[in-house]
Amino acid sequence: MYLVTLLGNMLIILAISSDSHLHSPMYFFLSNLSFTDICFISTTVPKMLVNIQRQSKTISYTDCLSQVCFGVGFAGVENFLLAAMAYDHYVAICHPLRYSVIMNLCLCVLLILLSLTISVVYALLQSLMLLRLSFCTDLEIPHFFCELVQVIKLACSDTLLNNILVYVMTSILGGLPLLGIVFSYIKIVSSILEMPSAGRKSKAFSTCGSHLSVVSLFYGTGFGVYINSAVTDLSRKSAIASVMYSVVPPMLNPFIYSLRT
């Protein structure tokens with residue numbers, strides 16, 4: 001799965017960078033999404049593969065904090081990228097004549113830098129909040145990687161502030177982009193329904209199909225993880241849900257976009 005993810009996303013980046021016809025905002029965001037998927041899955045799976053090969057399940061304190069920081073950061077970047085891609089589709093379908101003016105290179109780069117900045121600040125904030133916690137020795141994390149919520153649960157000190165920060169910031173940084181995506185697609189659907197030509201309607205829906213599939217996969221598995229961790233303490237189910245969230249979407253994204261675009 002890791003090799004398929006690397007190969008699929010690298011091929012998308014290579015195809016977009018080598019073909020001048022694909023140098024448009026839509027594919028600019030897609031290449032950044034593919035790069036983010038490579039980084040996201042590379043924060044967790046290589047360590048797991050090394051542990052399987054060595055038949056060892058240990059991870060150092062520093063490595064664990066690094067996994068939390070990079071995992072949270074890249075998940076945040078992907079979240080904002082999906083919102084930026086939804087806005088790109090909205091402009092393309094609802095304001096086609098002004099598309100090249102609105103979605104200029106400066107705006108695209110600004111959206112990427114903004115996504116990166118917010119995600120890096122959030123990841124560093126969560127990491128600094130973890131540093132204030134004290135942990136007992138010989139802890140066992142019921143996961144295949146150091147997930148933020150699971151690490152906080154293992155702390156021996158008070159974790160009230162950490163839990164508040166996790167749920168507040170997750171609601172804001174996850175909810176706002178999701179609201180942006182929903183608003184964009186409400187406008188897109190209403191605009192498509194007003195189109196007189198059935199062919200144009202079909203083409204517009206086809207343009208949005210791959211992005212909607214990726215959004216459903218990312219947010220569906222993400223919400224599944226947090227709902228599962230909130231209602232059950234079974235480590236096996238929680239770990240399986242995390243695999244569905246952190247490993248499966250980056251692997252399937254290249255197939256979804258390659259087959260539908």
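Keep in mind that glycine also has a Cβ here, set from the backbone N, Cα and C atoms.
All annotation found in TrEMBL is predicted automatically rather than curated by experts.
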State the residue range annotated as transmembrane segment by TrEMBL; the candidates are 27-50, 51-74.
27-50
Determine the mean pLDDT over the domain 'G-protein coupled receptors family 1 profile' (8-257), rounding to the nearest whole number.
86
Intrachain residues whose Cβ lies under 8 Å of the signal peptide (1-17), provided they are six or more past its termini
23, 27-28, 30-31, 34-35, 37-38, 41, 45-46, 49, 247-248, 250-251, 253-255, 257-258
